[in-house]
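Right, one structure below, let's go through it.
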Amino acid sequence: MMDQGEEGDEEEAWLQLRPVEPLPSQCCGSGCSPCVFDIYQRDLARWEAARASKDRSLLSMEETQSCPSKLSPETFLAFLISAVDRLTEDTYLVRFALPGNSQLGLRPGQHLILRGTVDDLEIQRAYTPISPANAEGYFEVLIKCYQTGLMSRYVKSWKAGDTAFWRGPFGGFFYKPNQYGELLMLAAGTGLAPMVPILQSITDNAEDETFITLVGCFKTFEGIYLKTFLQEQARFWNVRTFFVLSQENSLEQLPWSYRDRTRFGRLDRDLLEELVGSCRRKPFALVCGSAEFTKDMAGYLLHAGLAEDSYFLF
């Protein structure tokens, strides 16, 4: 018979194994089946049954495949980490291997759910691969780490040869070639991620004549992600890139090629209205960033004359 101290330790151990309820931001809101909350309810029921019978083996019933051939929205699959590159002080570009020359199977802009464990606590976060949708044998994810973030602690521990667990795909925006006259992409920080595969799918398709105006919001010039890629994309006849830097104040400190397409401060209502007005065709806007950024941009777009069905918030 356990004493009160042992019972308390046992109870604490079970509570640490309890599934973590997804954040509202982890739900894409597009009616995915199963939704992240459906998965949570399933795992919670499994945990409650295991706890009632005091049988932890019931928690390991989840199928996990080490050599995935196809993504699953319901089952986490194991992917080998082949490279971890530190882009900035707090941002990493991570490459995951796929078997042979297989493809991940995402549409441009769709996201995956990453599962991590820190201090015996399970956590899940959504990330969008930035690799081309047709990339063979690998996929890449851009991840920003935060000083107090649990998932950040997990990601910082990664090294080549480790394994990470993903499920998906999820996402409510499905791009079709020539569906819009112009895409106005508004991205803050790692909110650039869903824009990258959509942008590349357009420039890789000679039949797609969609105009693109991409506006990247960063703190500093050094903090701009994927500079080389964005410079290459801006050479296409239908692509324009602009940058808004909140912690810079001197154009003379920037390379010449950036000076005429960089603003300082924040992307405010007036600047966004100017950008919308400069679009060559009627724009459809894509927005991704922090919750505050997304909320602000939605309001600014409405003020600039775009209807609610003329923008999508990732």
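A Cβ is built for glycine as well, from the same backbone N, Cα and C atoms used for every other residue.
Here is what TrEMBL records for this protein:
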DOMAIN    74-176  domain 'FAD-binding FR-type'
BINDING   Arg125, Tyr127, Leu142, Lys144, Met151, Ser152  FAD binding site
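A map of TrEMBL features onto the structure.
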residue : record           : Cβ neighbours (10 Å)
Arg125  : FAD binding site : 21
Tyr127  : FAD binding site : 21
Leu142  : FAD binding site : 22
Lys144  : FAD binding site : 18
Met151  : FAD binding site : 18
Ser152  : FAD binding site : 19
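Here the domain 'FAD-binding FR-type' (74-176) has a mean pLDDT of 92 out of 100. Highlighted in sequence order, Leu114, Val141, Ile143, Cys145, Gly149, Val155, Thr190 have their Cβ within 8 Å of the centre of the Cβ atoms of Arg125, Tyr127, Leu142, Lys144, Met151, Ser152, the residues recorded for FAD, and are not part of that set.
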